[in-house]
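Below is one structure, written out as C-alpha cells; comments come after it.
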Amino acid sequence: MTSSGKIRIYELSRDLNLENKDVLNAAKKLSIPAKSHSSSISNAEANEIKAFLNKQSNQSINNKTKQNSSKEILSLKKAGSKPIKDEITKKKANLPPKASAESQSSKPRIETSKAPVAPIKPIKEPVQKANTSNQSKGVINNLIQPQKPSPLQPKQPKSIHLENNASKQNIEDNNNFQERSPRTQLVQKPPLPTKNNEPPQQKTSIPKRPITPPARPSKPILDNRSSVKSRPIIEAPRKKTGPDRNSPVQPRTQNNQNRQRIPNKPGKPPLRGNPPVELVGAPIRRSNKPNNNVKGPRDGGYRPGPPNRNDPSNQQGHVKRDIKAPIRQRPGMPPGMRKPVAPGELMQLQKPTGRSQPPAPRRVGAPAPPSQRADSTKDRQGKSPGAKQPVNRPTPATAPKKPSHRPPGSGPTKRRSDWDDAAKLEALRNKAPQKQRQKVHIIGENDDALTTETSGFAAEQEAMVLSASLARPAKPKSTKKSNSKATVVTRKRKKESTRQRQRRRAMELRAAREAKQVRPEMIIIPEGNLTVQELADKLSVESSEIIKSLFFKGITATVTQSLDLSTIETVAEEFGVPVLQDDIEEAATKTAEMLDEADKDHLIRRPPVVTVMGHVDHGKTSLLDAIRKARVASGEAGGITQHIGAYQVELEHEKKKRKLTFLDTPGHEAFTAMRARGTKVTDVAVLVVAADDGVRPQTLEAISHARAAKVPIVVAINKIDKEGASPDRVKQELSEQELVAEEWGGEVVMVPVSAIKGENIDKLLEMVLLVTEVEDLQANPDRLAKGTVIEAHLDKAKGPVATLLIQNGTLKSGDVLAAGPVLGKVRAMVDENGIRLKEAGPSCPVEALGFNEVPTAGDEFEVYPDEKSARAVVGDRASDARATRLAQQMASRRVSLSSMSGQANEGDLKELNIILKADVQGSIEAILGSLEQLPKDEVQVRVLLSAPGEVTETDVDLAAASGAVIVGFNTSMASGAKKAADANSVDVRDYEVIYKLLEDIQLAMEGLLEPDMVEESLGEAEVRAIFSIGKSAVAGCYITNGKLQRNCKVRVKRGSQIVFEGDLDSLRRNKDVVKDVGSGFECGVGCDRFANWKEGDIIQGYKLVTKRRTLGP
C-alpha cells in the first residue's frame, strides 16, 4: 500500500493468490486504468476488482456443474469440437513468443465447449437483466435459420484488413468488454432481420474459415473459456462461418456479428471446413491495438471503451478509411499520418536559427550618444553657442587667465631687487633663450623703480609680469601696488602676440556667427563629395563640431577630408537639416534650349505648361479636377497620385479661347524624380499648400525644384473651407522660405482656393495666365518636333508607350525620333481623352506608340529626317547608357570587404532578391529610390530586374532560378505566367499603393532576421526542506506566485547572489510526476546539475520565447 492510501496491482494479486495478468485483465474489463503490475489503484477500485473476480469464479463453477444438463446440445457440439481441436493443433505451430504469458488455461475452454450453451440464465447477469428465456429462444431460432453458404463471400476483398495479429485479438477483447456492458441494444438488434427471414448480418462478408489469425495463442483461448461459456449469445457469431449452422448453439452470434467483417489474412486461402464454436471465445489479451469492429448493429451508437480510448486508430474514421482503401498499414501507424503541408510564403520565410540568441547589432550611426558627448565636450571647452559676451570685449581680466602662453622673452623680465645695474640687465637679455625656464618667483620692493628706469622692453613685458604675479597666492602690499598699476599698463599696451591675436579674432568671429546663426531648412549636396569645412559652412556650424560628431561615430576626419553622401546625410540628420541631392536638383534644371536661331522668324505664341506641385494629400489632383471638371482623384489607388498626368484645358480669357497644359505630379516623397521632371518642362509652377497643414517637406522640395528650373511660382492655398484653416499662417511659413505674398510687399501671387467647393478657381487660372503672359512663351510649329518624355510604360497590347510633351515643332504620325538611347517611329498618337491625332503642336501632351523599347522618363526626344541619322545617334547613346547602368548596378551592390567577410563568417549576411515590374518607368524609379532608404546593415535588398511592363514567364523563370520574389506595381500577369508561377512555387505580389509595397518588403527583410530570445517569467518558489537522494538532493518548495513547469529554465537565488542557472529536470507533487505546479501548492524540485540546496533559496522559473526583430534602431 502506498503512502497516499492506494494499492499496487501486484499487492492485490498477491492477496487474491492470482497472477498479475489476471488482475490487470479484470481491471481493464472494469475500465480501471492500470498499465502494469506496479500501477496504483484506489481501495474502491480494488474492491470492485475483487468482487468481479469472485463473481467470475462463481460463474465458472456453476457452468461446470451444468455440463451434462443437456445431452442433445452436447451431442451437437461434439460433432463440431473435433475440427476445432484439429484447428488449434495446427495453429499452435504459429504461436508468437509473447503468447506464452497468457496460455495457461486454454485447455479448459475447449472442454467447456462441449457444455450446453442453450440455457439463457447466465446471460441475465452480465448483458441484460430484462431478457427472458422466451426472447432468447426466439433469438436462437432466428439465428439458426440461415443455413446456406453466404452469398456475400465474393465481397471479401472489401472487408476490413486487420493490421496485425494483435489487432485481431483485440477485436475479441472488445467483445469481452461488451460482455460486461449494460447496454441492451447490443443484444436486441440482431434478431430484427428475422422478420424477412434474412441472416442477421446480410451486409457483412462471411469468411469460410475461422477468423482466428495463425499467430493467435491457443492457451489464452482456454484461459477465458469459463467466462465465455456464460455468455453464449455474445460470442457466437464465428459459428456462422461454416455450413454446419443448424446447431442449436447459434444463439452465441448475438454480439459478435462484427467479427464477420474481418477478412482472411491476405495471401492465405480460406479454409472450407466446419469452423466450430469453440474458437469464437475471445482471449483476454490486453493490447493497445485498435478495435476495428465498430460497424454492424452498433453503427452510430457505439463509443469505444476506455481501455482503447487513447489509441488514435480506435476511431470510426480509421475503420471507414480502411473500408474504402483496404491498404494494410504498419502496426501502430495511425491513419492520416502524412498530412499535406501548406507551403509557407516566401515573403514571410525565416531561416532556421542557428543559435539561441544572436548578437545585438552595433549601430554606429545612432545620433544620440554623439550629441550627448558633444554637449559635454562643449561644456568642458566653453564653446557653447551662448558664451559670446566675454568674447566681444576683451578686458584686462582676460590676461591672467593664460599664464602658460608667454612669449619667449617674458621669463627673464622678472627682475630681482638686487639687479640695479643696466649691464646686468643687458646680460640677462642676452641669455634669455637659455634661461627661459628660470625660476622668477621673488618680487622685490624695487620693481616699481625698475619699471620707471627701464624703457621699451620692460614696458612691453609688464603685462606678463603682472599675470605671473596674479597667478600665485595673495602677496603683501607690494603685490597690490603692482595690481593697481597693471590696469594702467595693460591700457597702454601697444601690441599683442600673434597667438593672442588669432584667438581673439576667432572668438570674435565665432561670436558674430552665433549671433546671426540660422540653420538652413535644407542643404543641397552637389554630385561630387563635400569636405568637412564645406559641410560646416552649409550647416552653419563649426568644423570642429562635425569632426567631433564623426569621431563619436568611429570616423577620424580632418577639415579637408571629403565625405561621401551617406556620411553627409548622417551628420546633417544629427543637426536636424534634410539633404537634397544635386542630381535630383539638376533633373529639374532645363538643360537644352528648345529654340534655335532659325526658329526666330517663325515663332508664334504657344500654350503655357503648368505643373501642379505640393505635399501629398494637399489637394493637387482635386484642384485639377475642379479645373477640368472631372473626377480623377476618386479613381486613384489610395487616393494619391502615382503618375504624372498631362492634361490640356481650354479656357476663355478676355473673350479669347486660351489653352493651358497641366502636369499633375505625385506628392509622395518617393516620387522626387517625377516632380523634378515635371518642373523641367514647365513654364509656371502652381504650389499647392493646405491651409490646415502648412509647409511640409515635399513643399520645400517643390520650391527648390521650381527655383532650380527658374520658373515663376503661383501659390494656391487650398482647403480654406476646412476647420482650422489659417491662410495667414501659411503665408508666414512661406515668407520664411523667401516667398513673400504680394499683399505683404512681395512678388509671389498667392490665391486662397477650395478645390472641393470650387472657390476662387477662376481667379487662380487668371493669375496663371497673367504670369505666363509676362514670360512671353513662343515656339516654331513649322519644324521637326523636339520635346521631353514625361512618362513611359509597356502595354501588353500596344507595346512600349511614351507620354511626350512637345515643346517645339510639330510631331506627326510616321516621324522617326530618338528618345535617349531608344529609337522609335510614331505609329499612332492619342491625347489624354483617347482621341487619335495625326499631328500635335507645341505644348501638346500625347501618347505615342512605335518605340523599339521603353524609353526612360525624363529623356529628351528629337525627330530626325531619316532613320539612318536617327540610328547613328541612338547607337552612341546606347553604349553610354549601358556603361552608366552597369556602374549603377555595381555601386548598388558594393559592400565593404571587411563587413561582408565578418557577416559571412557569422552567417549574418542575408539577401532578399526582388524582381520589380511596374506600369511606368517613373514608378520603377520611385520604388528603387525608396528601397535605397531601407536599412541594409543586416539584410541586403538585391533588385535582379526592374522594368516596366507585365510579369512574363521569363520573369518567373528568373525568380525560380534565383529564389527571388516578383513584385508588381499596378501591372498584370501575362498569359501563362500565373501557371508557371504556381508550378515553380514563385511568390508573385501585386500592389496598387506604394505604401503597402514598401511596408511588405520591409516585413520580408525583417523575416530574414534571426529572432531575439526574450525571457518570460513563469513564477517563483521558496525552498523549505531538502531531501537527500543518494548523491543528489531534492528541494521541497512552496510556490509563492505564478507556477513552475517541468523542463523550464530556473534561476536559484540565495540572497542577492545567483548560485545556479539551468533546467528544472524533475517536478513532483505527492510523489507523482506533474507537468506544472501552481501558486499556493507544494512540490519537489530536482536539477541534475545542482544539488547544493539550502532552505530559504528562491527559485525563479522562466522560459525563453522568440521575439521578432525589426530593421529600425
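Cβ coordinates are placed from backbone N, Cα and C, and glycine is handled just like the others.
Residues annotated as region 'Disordered' in Swiss-Prot: 56-446 (among others).
Look at Swiss-Prot and you will find 470-504 (among others) tagged as region 'Disordered'.
For 474-483 (among others), the entry in Swiss-Prot reads compositional bias 'Basic residues'.
The feature compositional bias 'Basic residues' is assigned by Swiss-Prot to 490-504 (among others).
Feature annotation from Swiss-Prot assigns domain 'tr-type G' to 605-777.
Marked as region 'G1' by Swiss-Prot: 614-621.
A 10 Å cutoff on Cβ-Cβ distances gives Gly614 (GTP binding site) a total of 28 other Cβ atoms nearby, all chains included. Under the heading GTP binding site, Swiss-Prot lists 614-621, 664-668, 718-721, citing sequence analysis as support.
Regional average pLDDT for the region 'G2' (639-643) in the model is 43. Among the features that Swiss-Prot reports, region 'G2' is placed at 639-643, with the record citing similarity to another entry.
Under the heading region 'G3', Swiss-Prot lists 664-667.
Sequence annotations record features per position, and here Swiss-Prot assigns region 'G4' to 718-721 based on similarity to another entry. Residues 618-619, 622-623, 688-693, 727, 752-757, 759 of the same chain lie 6 or more positions beyond the ends of the region 'G4' (718-721) yet place their CB under 8 Å from a CB of it.
Secondary structure at Asp617 (GTP binding site), taken from DSSP and collapsed to helix, strand or coil, is coil. For Ile720 (GTP binding site), the same-chain residues 6+ apart in sequence whose C-beta sits under 8 angstroms from its C-beta are Ala691, Pro727, Pro752, Val753, Ser754, Glu759. Each residue in the region 'G4' (718-721) gets a DSSP state, and the totals come to 0 helix, 1 strand, 3 coil.
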